[in-house]
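Colleague: So TrEMBL lists these for the protein:
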type	residues	note
COMPBIAS	1-15	compositional bias 'Polar residues'
REGION	1-27	region 'Disordered'
TRANSMEM	73-91	transmembrane segment
TRANSMEM	111-130	transmembrane segment
TRANSMEM	150-170	transmembrane segment
TRANSMEM	182-201	transmembrane segment
TRANSMEM	207-232	transmembrane segment
TRANSMEM	244-266	transmembrane segment
TRANSMEM	317-339	transmembrane segment
Amino acid sequence: MQKDQGSSAPSTPTNGRVRHRRRSNEFPVEMSRTNGNHLLANDHNKYRSMWIRACSSLWMLGGFLLILYLGHLYIWAMVVIIQIFMARELFNLLRKAHEDKRLPGFRILNWHFYFTAMLFVYGRIFSHGLVNTVTSDKFFYRLVSRLIKYQMVICYFLYIAGFMWFILTLKKKMYKYQFGQFAWTHMILIVVFTQSAFTVANIFEGIFWFLLPASLIAVNDVAAYFFGFFFGKTPLIKLSPKKTWEGFIGASVATMISAFVLANVFGHFQWLTCPRKDLSTGWLHCDPDPLFKPEYYPLPVWISQRLSWKEIAILPVQWHALWLGLFASIIAPFGGFFASGFKRAFKIKDFGDSIPGHGGFTDRMDCQASC
């Protein structure tokens, strides 16, 4: 029996009416074809984009300075909030609404693993500081001491509970999707918490060791944008079409100079250099570390005669800062390149749209994750 050839005709207009709604952060196909030709110097909308980017940057800078003034615990809270937004953006990359409707509670399982990892990482970092904070109260001291003593066991059983939960939710014809999400969740935990564990530890060793690297990454990012904006002509890497050699080299020079200057400025504030041994929020006073005690170097005669200066004071930490600046100039941009390649693999423009002109939190933290 032959099929009626005309029976397939109605399917064409039906399929023609099915439209794919592109998300706001999806990477346009026509833009991907331009590859290295879409430079900031040739972008007709670059001034509008720069204005939006500058306004949102000022808001972020103001909020960051306020949190910095409030102290170590608030900075840690800011890191946690950023991590949650990053995890949310990354979880959504492989999310399929149709499959999720058939798996009620599967999203909650992802967050169960996330908060278990958070308890494991931060429980180890804060154990000593938490004990020092509650020593005045015997009841809380005993409670906290027991929680810290069994923290590893609690995290282990929480993970086992999540693992059993995952096995019990497996459904026929959904195995591939579920195991893909399981692997994706664990990769996110590694990406988010591996770097942040060192970041949070640095915060309590002294805000200086958190603020200086973060500032250098920001300086490098901003300098690369402006040098590429005004002078960018030579494409740097195909993964990121708007990156140019002019922006890369100009940003490297600006970052090295900023590293030497900012280390001297930050090193004079005890609030930034003193370590925090507990989880209180009071003002800090401490004997400065030798890295933050100035050393004096004599100037050449021809300079001292013109400027009436015989010597110059340099903090030893400024020499360390030059290495941090070199790292931020050369290594950290590769975090951005990695993120660019990642977004191209998923055919999206940004990880999210939480920050106007910048994309999502993951887009802003990609270089920070490398440092």
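If you go along the chain as it appears here, the first residue is 1 and each next one adds 1.
A Cβ is built for glycine as well, from the same backbone N, Cα and C atoms used for every other residue.
TrEMBL annotations: computationally assigned, not manually curated.
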Colleague: Would you kindly list the residues that approach the transmembrane segment (111-130) from elsewhere in its chain, counting only those six or more residues past its ends and only Cβ-Cβ distances under 8 Å?
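Modeller: Apart from its flanks, the transmembrane segment (111-130) reaches 80, 83, 87, 144, 148, 151-152, 154-155, 158-159, 161-162, 165, 185-186, 188-189, 193, 196-197, 200-201, 204, 276-279.
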Colleague: Give me the stretch from 150-170, 182-201, 207-232, 244-266, 317-339 with the greatest number of Cβ pairs under 8 Å to the transmembrane segment (73-91).
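Modeller: Comparing 150-170, 182-201, 207-232, 244-266, 317-339 against the transmembrane segment (73-91), the winner is 182-201.
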Colleague: With the transmembrane segment (207-232) as the reference, which stretch in 150-170, 182-201, 244-266, 317-339 has the largest tally of C-beta pairs below 8 Å?
Modeller: 244-266
Colleague: To the transmembrane segment (244-266), which of 150-170, 182-201, 317-339 is linked by the most Cβ pairs under 8 Å?
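Modeller: If we count Cβ pairs closer than 8 Å to the transmembrane segment (244-266), 317-339 scores highest.
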Colleague: Could you tell me what the rest of the chain brings near the transmembrane segment (182-201), counting residues at least six beyond its ends with Cβ under 8 Å?
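Modeller: Result: 76, 79, 83, 86-87, 90-91, 93-94, 110, 113-114, 117-118, 121-122, 125, 166, 210, 368-369.
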